[in-house]
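Taken verbatim from TrEMBL:
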| type | residues | note |
| --- | --- | --- |
| DOMAIN | 1-426 | domain 'Glycoside hydrolase family 9' |
| ACT_SITE | HIS353 | active site |
| ACT_SITE | ASP404 | active site |
| ACT_SITE | GLU413 | active site |
Amino acid sequence: MKWRADSGLSDGRSVYNTDLTGGYYDAGDNVKFGFPMAFTTTMLAWSVIEFGELMPPDELRNALVAIRWATDYLLKTISQPNRIFVQVGDPYMDHNCWERPEDMDTGAPSPASEVAAETAAALAASSMAFRSVDPGYAETLLRSSDRIFQFADNFRGAYSDNANIRDGVCPFYCDFSGYQDELLWGAAWLRRASQDNSYLNYIENNGKTLGADDNINEFGWDNKHAGLNVLVSKEVIEGNMYNLQSYKASADSFMCTLIPDSSSSHIDYTPGGLIYKPGGSNLQHATTISFLLLVYANYLARTSQTVNCGNLIASPLSLRTIAKKQVDYILGDNPMGLSYMVGYGNHFPRRIHHRGSSSPSVKDHPGFIACKEGSIYFNSTNPNPNVLVGAIVGGPGEDDVYGDDRADFKKSEPTTYINAPFVGVLAFFAAHPNLS
């Protein structure tokens with residue numbers, strides 16, 4: 001089982017004469033949302049960039065295959081001049097059905113222009129991941145990243161403000177935080193991948209006007225600020241680019257908010273010790289923040305630096321320790337004694353909110369299962385017949401309680417953007433099992 005978008009549709013061909021097959025569904029539905037898919041790709045690539053050397057060769061190959069499945073699709077979405085396809089599928093029609101992707105018959109692509117900057121970030125980061133193994137493909141990714149970033153910068157505006165597609169992307173993946181953070185994020189990745197000084201100048205000169213100091217304590221598919229600050233801080237910590245010091249100051253501040261004993265701590269934790277933010281699908285915060293903690297710790301460790309949190313000094317080890325507690329919690333060291341990674345350990349979610357996992361496989365049920373015919377599988381109290389090994393669900397509530405209820409999608413639905421940063425996190429801890 002997987003999130004690969006192997007639908008029964010010839011995505012995009014009939015309407016726009018564009019091949020939009022491939023890519024990933026975001027979660028347990030059968031819609032290809034470009035915004036979170038591009039972010040997922042960026043995080044997979046960043047995992048390889050920072051931690052690929054720690055991965056066993058076969059796992060590194062698996063990671064690159066997963067990235068390429070996404071980047072091949074993203075290249076298709078920008079194949080037409082001055083256009084980007086941001087979505088395949090009608091989420092309302094799809095969410096009204098419970099059917100396997102192989103039986104899917106509810107889709108249509110939606111063209112727009114906002115996700116371009118995140119796509120640029122994904123392609124730039126992926127170019128770095130492929131540089132040593134496929135330099136030709138890496139160059140294609142980088143060149144395409146530069147082109148689509150120029151499109152994003154020249155035609156500014158939030159895609160969810162586009163009246164033609166707003167109802168298709170909202171409330172599912174509205175750009176709640178605005179497009180400005182993606183522009184800085186995309187430019188930062190192009191700078192990292194190309195070492196082009198024009199992008200260095202961009203993130204330096206546009207930081208204030210594009211709100212680099214806003215919402216610095218968030219990181220996920222919508223808000224890139226904390227990740228942006230960590231990424232750019234590498235230029236300051238390792239390259240002495242002190243003209244970018246404001247980004248490092250924001251990264252330091254973010255790290256201090258995560259330390260419970262810090263005077264500036266304001267991140268909430270559950271009684272069991274899990275980072276918690278309201279809104280559902282909470283483990284997306286735990287995995288992305290754990291990733292940033294490890295990346296920043298590595299940057300600091302290479303130059304023997306620490307973070308001054310006022311009443312305490314945070315070392316690289318202390319940041320890694322916070323990340324490890326999150327990983328241990330996700331994998332079973334929690335009040336429920338439950339691994340939130342499906343298939344890991346003996347006690348894990350069995351009734352996840354995922355159409356392909358909960359429906360019989362094509363092998364076991366070769367006949368067509370229509371839209372409403374799948375409802376019996378959604379409503380069943382039986383465990384899912386297909387175990388989506390490795391998927392991480394949304395996770396418990398603020399009270400550490402998880403009910404294993406397929407209908408409770410905020411807790412039981414896995415997403416690609418929960419898993420993607422965890423690839424790098426697990427690579428680090430697998431290579432450092434005795435960290436304490």
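Using the three backbone atoms N, Cα and C, a Cβ is placed for every residue, glycine included.
Whatever TrEMBL says is automated annotation, not expert-curated.
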Fill in the CA-CA distance, GLU413 (active site) to ASP404 (active site), as an integer in Å.
10
Which one of these active-site residues, ASP404, GLU413, has the sparsest Cβ neighbourhood, judged by other Cβ atoms within 10 angstroms?
ASP404
Near HIS353 (active site), which residues of its chain come within a Cβ-Cβ distance under 8 Å, counting only those 6 or more away in sequence?
ALA27, GLY28, VAL393, ARG406, ALA407, ASP408, PHE409, SER412, GLU413, PRO414
